[in-house]
Amino acid sequence: MAFKLLMQNSRFTLNNVQTRLFSQTSPLNRVENVFIIGSGLMGSGIAQSCATTGKFNSVTLQDVSQEQLNKAQKRITASLTALKEKKRINIDNAEEVANRITFSTEIKPANDKNLLVIEAIPELLEPKQTLFKNLSEQFKGNNSVILATNTSSLPCSEIGKNVEDKQRFAGLHFFNPVPMMKLVEVVRTLETNDETFEALKEFVKDIDKVGVSCKDTPGFIVNRLLVPYMQEAIRMLERGDATARDIDIAMKLGAGYPMGPFELLDYVGLDTNKFIVDAWSARGDPNLVIYKSKLLESMVSKGNLGKKSGKGFYDYSTGKKA
């Protein structure tokens, strides 16, 4: 009898403690509104993914150019139409989904309650730093706003050095093409707090993608492994060990990769790859040694940037290797 009473009292005490703990912990605020800055391939893809789920009160895509926004809107509608026809997404009307997105030239979200701001401008450090300094001032005092960068190679902490509330700043690295690629790297800086990190992981789930957690290191997970691999493939080509086509075939059939390194370089853009290599090399980090290719630099200087320019390691006007 005494043992039974002791156990009852223990449960009562434990329940009281749990109740006090939960009542003192602020609830996790889910992202309700999304504001994407930059309407290029990445920004428009993120906006499309958010709009497709229909889980947000507002989705706003911002750019300084109305012309770029018009292109983004057409791109999004065309992408949604193609995915619907291929039955890769379950929507009734592509234009209706695209109309869930507000296209704006102003840095002004439709709603700033439980807002996630995602920066997707070109991969240049100083413009990103300036943007986040302005955003930090604009949303100062609003503890429901999270700021995130979509950088693929620059350290998030350096991008957000001017952010006042660094606890609500982190990285969300999407992959191109965003509507098709399921992975998002959720990057936590030393200052990112638990609430922000958990909210970002929930956001990734809400847009039907898979998030992986990683620290704020150069290249995070994927690019830290992928970029050196592509550079080594170029070095192999420069040595004359094999042709670009044979290297691509070997990696696809031998390693099971969906694309070979040169196909991937052309798809991503040789200029993008060169920028990452240059940025990493400039850091002087002995743990970040990467091969700098004269061939790559020559191709970029000639404007042979890959698929987007019509010519890279392959000539897309003929289908033959350049």
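Every residue gets a Cβ built from N, Cα and C, even glycine.
As recorded in TrEMBL:
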- 33-217: domain '3-hydroxyacyl-CoA dehydrogenase NAD binding' (DOMAIN)
- G38, S39, G40, L41, M42, G43, D63, E123, K128, S152, N176, K308: NAD(+) binding site (BINDING)
- S79, K86, S152: CoA binding site (BINDING)
- H173: site 'Important for catalytic activity' (SITE)
- 219-316: domain '3-hydroxyacyl-CoA dehydrogenase C-terminal' (DOMAIN)
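The structure, with features from TrEMBL marked on it.
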{"residue": "G38", "record": "NAD(+) binding site", "contacts (Cβ under 8 Å, 6+ apart)": "Q62, D63, E119, A120, I121, P122"}
{"residue": "G40", "record": "NAD(+) binding site", "contacts (Cβ under 8 Å, 6+ apart)": "Q68, A72, A120, P122"}
{"residue": "M42", "record": "NAD(+) binding site", "contacts (Cβ under 8 Å, 6+ apart)": "A120, N150, F174, N176, V178"}
{"residue": "S79", "record": "CoA binding site", "contacts (Cβ under 8 Å, 6+ apart)": "G45, Q48, P177, P179"}
{"residue": "K86", "record": "CoA binding site", "contacts (Cβ under 8 Å, 6+ apart)": "none"}
{"residue": "K128", "record": "NAD(+) binding site", "contacts (Cβ under 8 Å, 6+ apart)": "E119, I121, T149, T151, L154, I159"}
{"residue": "S152", "record": "CoA binding site", "contacts (Cβ under 8 Å, 6+ apart)": "E123, H173, G219, N223, I276"}
Inset, instruction - Using all protein chains in view, find how many other C-beta atoms are within 10 Å of the C-beta of N176 (NAD(+) binding site). - result: 16
Legend entry - Largest CA-to-CA spread of NAD(+) binders G38, S39, G40, L41, M42, G43, D63, E123, K128, S152, N176, K308, angstrom: 24
Legend entry - Other CB atoms within 10 A, centred on H173 (site 'Important for catalytic activity'): 24
Inset, instruction - Over the span of the domain '3-hydroxyacyl-CoA dehydrogenase C-terminal' (219-316), count residues by DSSP class, listing helix, strand and coil in order. - result: 62 helix, 4 strand, 32 coil
